[in-house]
Amino acid sequence: MQLSSLSHTSITHKDKKKKMGIELQNHQSHHEEASPAEEPMSRWLINTPEPPSMWQELIGYIRTNVLAKKKHKRNKTKNSSSNLVYSCLKSAFPILSWGRQYKLNLFKKDLMAGLTLASLCIPQSIGYANLAGLDPEYGLYTSVVPPLIYSTMGTSRELAIGPVAVVSLLLSSMVRDLQDPVTDPIAYRKIVFTVTFFAGAFQAIFGLFRLGFLVDFLSHAALVGFMAGAAIVIGLQQLKGLFGLTHFTNKTDVVSVLSSVFHSLHHPWQPLNFVIGSSFLIFILLARFIGKRNNKLFWIPAMAPLISVVLATLIVYLSNAESRGVKIVKHIKPGFNQLSVNQLQFKSPHLGQIAKIGLISAIIALTEAIAVGRSFATIKGYRLDGNKEMMAMGFMNIAGSLSSCYVATGSFSRTAVNFSAGCETVVSNIVMAITVMISLEVLTRFLYFTPTAILASIILSALPGLIDVSGALHIWKLDKLDFLVLIAAFFGVLFASVEIGLLLAVGISFARIMLSSIRPSIEALGRLSKTDIFGDINQYPMANKTAGLLTLRISSPLLCFANANFIRDRILNSVQEIEGEENEQEVLKENGLQVVILDMSCVMGVDTSGVFALEELHQELASNDIRLVIASPRWRVLHKLKRAKLDEKIKTENIYMTVGEAVDIYVRARSTSHELC
């Protein structure tokens, strides 16, 4: 872009600009020759040392984050090796820290909470295992080992660990593409265990190397949309159990599921399944309504699923309803978790896809668990350690994969029950796990006659908690682009697949970040009266602009190849507009634009393209007798300018520590020039 064609001012006007420039330089030179006590702040800026190199930063990051150790008060004598080992163990296993202060009155509360939690966990675990395409006992296994591991390593006091609906659906939909659970359930189960191992490994790596920011790529809006879409898909999947359908699709999109239901209803089906399932669904929802109306009756909705299972099983057993077409769970293998080390498929031809499913499962499970844990930690007034949570989740899933468990995480519905039941520590998880372990040994024969319709009704009753309508409305009011991410995740899961919904949500989130980085705003600044504060003149219309000055702020944290040309053109366009106004208003010629001050306080980094753009901007402005002044450059930005010798081209006297300093020097020089005239 050329500005010279727009600067059709008189020779007198250009001479005045040149004279003003000389006066400003003379004023700056005089200021530089002042006594040390009056040394300008810009000198402090120019003489700053070099910032740490990339390698020094990397080493510093590893020292402070990866190899970080808590500072302990040191006595005159060095700590013994045993104390050091104990300190490391306490850091890895928080139970060693609070376990010493654990008292009987706390155990009474945790015992009641754990038993209440188990009453909800047992029927839900069986249902979620069915949703994941596994036999019922594997859901119960997942409610034993992972909670026990988490109770020693986790930092949340309320988080209830076990299988959850969303992760179960995720595994079912993605692993099914590699192996059909109907044709070869053993091969399917082996892949699920291997996915669980990779999920745990990724979670442990995230915690070990402080990579928790990766979980943040799934924004709150994306999570709300994903959960809502998954809840509807899960609900539609339960129509198979609720109606007792035999022919049903393996796909998860809403069109395929509804089409399958429509065609299946044309085949013979037994309405008794629907009667049993819908009756107990109404009972569970009614119990939940009572619990919400009176918090003291929290145990009613918590016990309702287990009561439903017991009653439905007795009804089916006593009435011989199986002979009338009611589908039942049938055989549940009794006994404790069996080792599954030899079932992990590390030599599978699908190992890459298995690892990918493990990564997606790890992120979804972590996001849900940390979100739930933090919300209840905030209520209780303590801080959740995100990195320790990742480590705990990782090791519990690795251990789970070796003991016939699939991916476990924190459940919102069970955590809410645990909280309402008055839990004080993670001992409630231990009580729950022991109770489930006993039920595996004692109750499996009784559960043989449990109707599948009751499991479907239990899962359906838990789904409303996954649909956050008020949260979606809040996002709509707050940020329309965030709502677009929510809608993309919701409809992607609903009409395509779980992975497509995730990809759409993450893709739109990235596109939004890229758009804001590539097309940042350039703000024109003015000074607020009687202050040294400079604000956007659009946000603060009362801000005063200084004649002959154009102060602009780059709002992007990076001046790089993606936005350098755009930023340069925007700045030149702003100058062009002012030059055009000067040509139209002859009165303003003697106060024409002489200096462009570029506030770079928001710019954290600059690359080669950014440096070239600044150099081109300087040359373009200089050809029109306009000086480029840089204010508030960050340490690394200034270092890059020095390395490129751009500070010599712009001249160091045109680099200032603050916008206020640059404006004040210009105003003083201008007043001096007028006095000389």
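Each Cβ is built from the backbone N, Cα and C atoms, and glycine gets one as well.
Here Swiss-Prot flags 540-666 as domain 'STAS'.
Residues or ranges marked as N-linked glycosylation site in Swiss-Prot (evidence: sequence analysis): ASN250 (among others). Counting only residues at least six positions away in the same chain, the Cβ atoms of ARG176, ASP180 sit under 8 Å from the Cβ of ASN250 (N-linked glycosylation site).
Among the features that Swiss-Prot reports, N-linked glycosylation site is placed at ASN418 (among others), with the record citing sequence analysis. DSSP gives ASN418 (N-linked glycosylation site) a helix state.
Taken from Swiss-Prot, the feature topological domain 'Cytoplasmic' applies to 1-110 (among others), supported by sequence analysis.
Taken from Swiss-Prot, the feature topological domain 'Cytoplasmic' applies to 155-158 (among others), supported by sequence analysis. Outside the topological domain 'Cytoplasmic' (155-158), and at least 6 residues removed from its termini, the chain residues within Cβ reach (under 8 Å) are 94, 373, 376-377, 380, 382, 384-385, 388-389, 392, 410, 415, 418-419, 423-426.
Per Swiss-Prot, topological domain 'Extracellular' is recorded for 180-190 (among others). Within the chain carrying the topological domain 'Extracellular' (180-190), a Cβ under 8 angstroms from the stretch's Cβ atoms is held by residues 133-135, 138, 172, 250, 343-345, all 6 or more beyond its ends.
Distant neighbours of the topological domain 'Extracellular' (235-270): 130-131, 169, 172-173, 176, 180, 277-278, 324-327, 452-453, 455-457, 459-460, 463, 494-498; these residues of the same chain sit at least 6 beyond its ends, with a Cβ under 8 Å from one of its Cβ atoms. If you look up Swiss-Prot, you'll see 235-270 (among others) marked as topological domain 'Extracellular'.
With a cut-off of 8 Å between Cβ atoms, the residues of this chain six or more beyond the topological domain 'Cytoplasmic' (292-296) that come close are 420. Swiss-Prot lists 292-296 (among others) with the feature topological domain 'Cytoplasmic'.
Mean model confidence of the topological domain 'Extracellular' (318-352) amounts to 92 (pLDDT, 0 to 100 scale). The topological domain 'Extracellular' annotation in Swiss-Prot covers 318-352 (among others) and is backed by sequence analysis.
Feature annotation from Swiss-Prot assigns topological domain 'Cytoplasmic' to 374-389 (among others); the stated evidence is sequence analysis.
The topological domain 'Extracellular' feature in Swiss-Prot is assigned to 411-422 (among others).
Here the topological domain 'Extracellular' (468-482) has Cβ contacts under 8 Å with residues 219-221, 224-225, 227-228, 512 of the same chain, all six or more residues outside its ends. What Swiss-Prot lists as topological domain 'Extracellular' is 468-482 (among others).
The annotation topological domain 'Cytoplasmic' is assigned in Swiss-Prot to 504-677 (among others).
Cβ atoms under 8 Å from those of the transmembrane segment (111-131) belong to residues 137-140, 142-143, 160, 162-165, 168-169, 172, 234, 237-238, 241, 298-299, 302-303, 305-306, 308-309, 329, 332, 406, 411, 413-414, 417-418, 421-424, 427-432, 434-436, 439, 443, 447, 450, 452, 454-456, 458-459, 462 of the same chain, restricted to positions at least 6 beyond its ends. What Swiss-Prot lists as transmembrane segment is 111-131 (among others).
According to Swiss-Prot, the feature transmembrane segment maps to 134-154 (among others), an assignment based on sequence analysis.
Distant neighbours of the transmembrane segment (159-179): 117, 121, 124-125, 128-129, 131-133, 139, 142-143, 146-147, 150, 187-188, 191-192, 195, 226-227, 230-231, 233-234, 237, 250, 252, 350, 353-354, 357, 360-361, 364-365, 368-369, 372-373, 376, 396, 406-411, 414-415, 417-418, 426, 428-429, 432, 459, 462-463, 466, 497-499; these residues of the same chain sit at least 6 beyond its ends, with a Cβ under 8 Å from one of its Cβ atoms. Taken from Swiss-Prot, the feature transmembrane segment covers 159-179 (among others).
Long-range contacts of the transmembrane segment (423-443) within the same chain, counting only residues at least 6 positions beyond its ends with a Cβ under 8 Å from a Cβ of the stretch, are 95, 98, 102, 106-107, 109-111, 113-115, 117-118, 121-122, 125, 137, 140-141, 143-145, 147-148, 150-151, 154, 156-161, 334-336.
Listed in sequence order, ALA113, THR116, LEU117, GLU158, LEU159, ALA160, SER428 are the same-chain residues six or more apart from ASN418 (N-linked glycosylation site) with CB atoms under 8 A from its CB.
Most Cβ pairs within less than 8 Å of the transmembrane segment (390-410), among stretches 134-154, 191-211, 214-234, 271-291, 297-317, belong to 191-211. In the three-state DSSP classification, ASN250 (N-linked glycosylation site) falls within coil.
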